[in-house]
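For reference, TrEMBL has these:
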COMPBIAS  12-34  compositional bias 'Low complexity'
DOMAIN    80-481  domain 'Amino acid transporter transmembrane'
REGION    1-35  region 'Disordered'
TRANSMEM  108-132  transmembrane segment
TRANSMEM  170-193  transmembrane segment
TRANSMEM  205-225  transmembrane segment
TRANSMEM  237-257  transmembrane segment
TRANSMEM  277-296  transmembrane segment
TRANSMEM  308-331  transmembrane segment
TRANSMEM  351-374  transmembrane segment
TRANSMEM  395-415  transmembrane segment
TRANSMEM  462-482  transmembrane segment
């Protein structure tokens with residue numbers, strides 16, 4: 001017999017953020033994904049096992065589950081509106097990546113960079129749609145309200161080909177590892193970016209200091225900000241961050257569009273040797289894949305997320321247009337002198353230029369908490385599970401948050417170059433999470449009945465995306481590592 005509806009509806013939604021009173025369930029999910037078989041099965045796993053006994057586990061028997069709509073069974077304490085979700089999405093993408101776009105164009109050339117960025121935006125948006133679609137399909141099969149990225153990976157393999165089912169726990173763990181690496185990598189870059197730009201602003205107002213001192217100065221405020229555990233409560237900081245980022249970018253265009261040289265003054269296309277660095281930087285810039293499912297899972301009206309004019313397409317259209325414009329005009333203006341952040345190219349003696357640095361520093365500072373949300377949502381339940389009382393669990397989670405902020409602080413102090421590290425993070429984690437895992441999971445999810453459309457076009461499309469993502473991962477990572485090692489020497 002299938003589990004009762006109340007049990008299914010109370011399964012954990014966002015892994016230990018907005019439902020901290022139900023941490024036992026979400027903790028168990030996360031712990032089991034990380035391979036601890038000794039723990040008591042989670043509510044989600046119990047529901048799934050009962051459904052498999054009730055409906056069967058062969059491909060054809062999955063077709064019996066047709067009426068369950070996961071979007072109608074989500075019970076959220078603090079759901080976000082469409083506007084809240086759009087703000088979070090813009091905030092999750094309009095970080096340091098957009099300011100590195102002129103440096104990316106330097107490695108690709110003016111027109112290769114422009115059309116390449118647009119193409120990558122379309123591909124990444126499609127990949128996000130694929131991830132949400134696969135998540136909904138698996139939720140219908142297992143009759144649960146929602147799944148996280150790693151749960152999608154795990155249960156896609158469990159319901160896929162028999163030869164892959166034994167790797168289901170491994171793929172969940174692997175996705176979690178890449179998510180943690182990616183998001184903490186973002187946080188390291190955010191930490192360094194804020195410190196470098198605040199350092200320049202302080203020097204402008206005649207306060208002499210060094211970057212390390214500024215890093216120390218922002219450490220405690222960042223720890224305090226990251227004590228906020230609810231995604232809903234982060235909406236005001238996301239709104240402030242988005243407003244400041246857009247204001248800073250707008251003022252930046254006043255400098256970028258002034259006395260622009262002819263387009264013939266820069267290369268329309270670069271050499272093949274630097275294209276992997278361009279790929280890594282652009283993939284870093286499209287940094288929202290890690291927060292897509294948490295945002296969609298926490299919406300009051302999740303059906304509005306993937307509509308043609310919904311939150312996802314609207315947000316990504318704005319993001320791609322801004323990325324393309326900043327990259328195009330930034331490279332055209334500064335050419336091969338473009339830095340890892342466009343704010344470092346602005347004239348240091350003008351107040352408006354220093355205002356841009358201050359605005360972007362504060363915006364990125366406020367965005368840190370959203371990027372930090374994902375690794376804590378993965379690691380937090382595992383840590384809480386080790387303690388009995390709620391008080392001890394809360395203290396343990398706060399200690400974890402402090403430890404992770406200190407880790408990103410330590411890594412930020414040893415990063416030799418902002419641009420190279422941005423490219424490395426993009427090539428290692430973002431390319432795999434955005435371009436490799438979603439199409440692979442779509443192939444595996446629809447493998448039992450080969451639901452790939454006419455002439456299997458979905459299968460061929462997914463295989464091309466996987467090949468493209470793996471190529472970018474291997475070549476981009478190797479190039480970035482070589483450049484970082486060269487700078488260290």
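If you go along the chain as it appears here, the first residue is 1 and each next one adds 1.
Glycine too: its Cβ is placed from the backbone N, Cα and C atoms.
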Can we call the transmembrane segment (308-331) and the transmembrane segment (277-296) in contact, meaning three or more C-beta pairs below 8 angstroms at a sequence separation of 6+? yes
Any contact between the transmembrane segment (277-296) and the transmembrane segment (108-132)? By contact I mean 3+ C-beta pairs closer than 8 Å, pairs at least 6 apart along the chain. yes
At a C-beta cut-off of under 8 Å, are there same-chain residues at least 6 beyond the transmembrane segment (108-132) that contact it? List them, or none. 101, 149, 152, 263, 266-270, 274-275, 278, 282-283, 286, 288-289, 292-293, 296, 305-306, 312-313, 316, 319-320, 323-324, 327-328, 331-332, 434-435, 437-439, 441-442, 462, 465, 468
Chain residues in Cβ proximity to the transmembrane segment (395-415) (below 8 Å; excluding those fewer than six residues from its ends, i.e. six or more beyond): 16, 184, 187-192, 195, 212, 215, 219, 222-223, 226-227, 229, 372, 375-376, 379-380, 383-384, 386-387, 421
